[in-house]
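*Asks:* Take this structure, written in structure tokens, and hold onto it; I'll ask about it next.
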Amino acid sequence: MTEWITAPGLTDYQEALAFMEARAAAIAAGEAGELVWLVEHPPLYTAGTSAKAADLLEARFPVHAVGRGGQYTYHGPGQRVVYVMLDLNRRGRDVRAFVKALENWVIDALAEFNLRGEIRDGRVGVWIARPDKAPLPDGSMREDKIAAIGVKLRRWVSFHGIAINVEPDLNHYAGIVPCGISGHGVTSLVDMGLPVGMDDLDLALRRSFARNFPPLAG
């Protein structure tokens, strides 16, 4: 059975990296079980393996270069970071299917708050259509990102994971081009007018987890 841990307070990012790497290695060695780790971080930016220097507009907070996929993203208070240390040796060695399952998991959790999350080809993460905002210059509808996804696999065990905006300071995103995508914005559950707290989201994530990541046999 997949273990769940919720970290109290704000978790130092480098300590989180060290913990994830150690746990992923233990899972790969058969010495530990899968883990979903729920944390919040102090304000910081992370740069994934595809990050472009031009997308760091202003280093307002510490910048951490990390080995996960993706580009620049922001972490900070009011954002639920979901670190997923799952064994793809047992769940299927299919990276695309794994990322799709992560996206669907977030979409299922958001649906509990009657919020429709969507995915877009070429734009990993979960998006919210914003017909209430002015359209883009080409006439297409604006979309705001509510959840970013970036994972790394080592010996087919995942780490890093998902960042879902509950009530972060969205102005903190101004220092980067989030995930290298300009033209679209970012939003949060509270920004969408939902009176949702971190505990509410955590419960929704727990309820929807098994639908996307069935329990392992044995």
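Each position is counted from 1, following the chain as shown.
Keep in mind that glycine also has a Cβ here, set from the backbone N, Cα and C atoms.
In case it helps, Swiss-Prot gives these features for our protein:
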type	residues	note
ACT_SITE	C179	active site, acyl-thioester intermediate
BINDING	R68, G69, G70, Q71, Y72, T73, Y74, H75, A148, I149, G150, G161, I162, A163	substrate binding site
DOMAIN	30-217	domain 'BPL/LPL catalytic'
SITE	K145	site 'Lowers pKa of active site Cys'
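In the displayed structure, how are the listed features positioned relative to their neighbours?
*Replies:* Shown in sequence order, P43, L44, Y45, F61, P168, H172, Y173, G175, I176, P178 are the residues of the chain, 6+ apart in sequence, with a C-beta less than 8 angstroms from the C-beta of Y74 (substrate binding site).
On the 0 to 100 pLDDT scale, the domain 'BPL/LPL catalytic' (30-217) averages 93 in this prediction.
If you draw a 10 Å sphere around the CB of K145 (site 'Lowers pKa of active site Cys'), it holds 24 other CB atoms from the protein chains shown.
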*Asks:* What Cα-Cα separation, expressed in whole Å, is found between I162 (substrate binding site) and K145 (site 'Lowers pKa of active site Cys')?
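*Replies:* Given the Cα positions, I162 (substrate binding site) is 12 Å from K145 (site 'Lowers pKa of active site Cys').
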*Asks:* Given a 10 Å Cβ-Cβ cut-off, pick out the one of the binding-site residues G70, A148, G150 that has the most other Cβ atoms nearby.
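*Replies:* Within the set of binding-site residues, the most crowded position is A148.
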*Asks:* Does DSSP give G70 (substrate binding site) helix, strand or coil?
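*Replies:* Reduced to three states, the DSSP call for G70 (substrate binding site) is coil.
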*Asks:* State which of the following binding-site residues has the fewest other Cβ atoms within 10 Å around its Cβ: R68, Y72, I162.
*Replies:* R68
